[in-house]
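Q: Sharing a structure here in structure tokens format.
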């Protein structure tokens, strides 16, 4: 039988390292709650980034996935994960930088992603995975609460921005629950939250999404400017294009809906 998560980490003398952005979870009940929020079914193909001391890994394995692939860059954690593998042969351990991973490299059908993501690469990974959404069944992720609020934000709110637009065009998003700093060791300075993203059946093509990325980058860079000013370098006839879409050129970036940005992208 495996020791508790904390004792297992201690037996390998694993302490959190700032360079890896590590904040460990030793509370098995919290890990179970995250997996329940994912709606994980048996015989799924699962991906976890940064398993660390294996708390979330254990909870995922208790749901009997077909295969759980974990990506870990910290070589100190590999022996600990190999000990978990002795009890769960469906655990596949890859020592690699998560930013170098392409989902297509995993050679599996629809992947369920469940991860406590390092804060410093979380947003970048979400965007990358959304661009490979045809390979994703769902993503249940722990991120900074502020990032989750941006993902879930609606138009005309303070948190609404590029991330909100892109996420809502590719997936349904659901904030599951908040996680206090005290749930981690060491406690981070901010709250975290769990968010679930499920790719839509009909997703705009990659060219359109790239255009939306460009348009929103320009629009939200001048967040308080009127949209006609923010996008004046996008197209010389921007006011005409906005009028064609019944969008007032006196609107600001935060007033346009994701579909407004998509429609504008289709005209550029």
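Think of each number as a place in line: the chain as shown, counted from 1.
Cβ coordinates are placed from backbone N, Cα and C, and glycine is handled just like the others.
In case it helps, Swiss-Prot gives these features for our protein:
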- 23, 25, 50, 72, 97, 116: S-adenosyl-L-methionine binding site (BINDING)
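A description of the local structural setting of each listed feature is requested, covering burial, neighbours and distances.
A: In the three-state DSSP scheme, residue 23 (S-adenosyl-L-methionine binding site) falls into the coil class.
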Q: In the structure shown, which of the binding-site residues 72, 97 has the fewest other Cβ atoms within 10 Å?
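A: Minimum Cβ neighbour count within 10 Å, taken over the binding-site residues 72, 97, occurs at 97.
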Q: Count, for each of the binding-site residues 23, 116, the other C-beta atoms lying within 10 angstroms of its own C-beta, and report the residue with the smallest count.
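A: Ranked by other Cβ atoms within 10 Å, the binding-site residues 23, 116 bottom out at 23.
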Q: Does anything in the same chain, at least 6 positions from residue 25 (S-adenosyl-L-methionine binding site), have a Cβ under 8 Å from its Cβ, and if so what?
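A: Looking at Cβ-Cβ distances below 8 Å from residue 25 (S-adenosyl-L-methionine binding site), excluding near sequence neighbours, one finds 5, 31, 55, 56, 116, 183, 184, 185.
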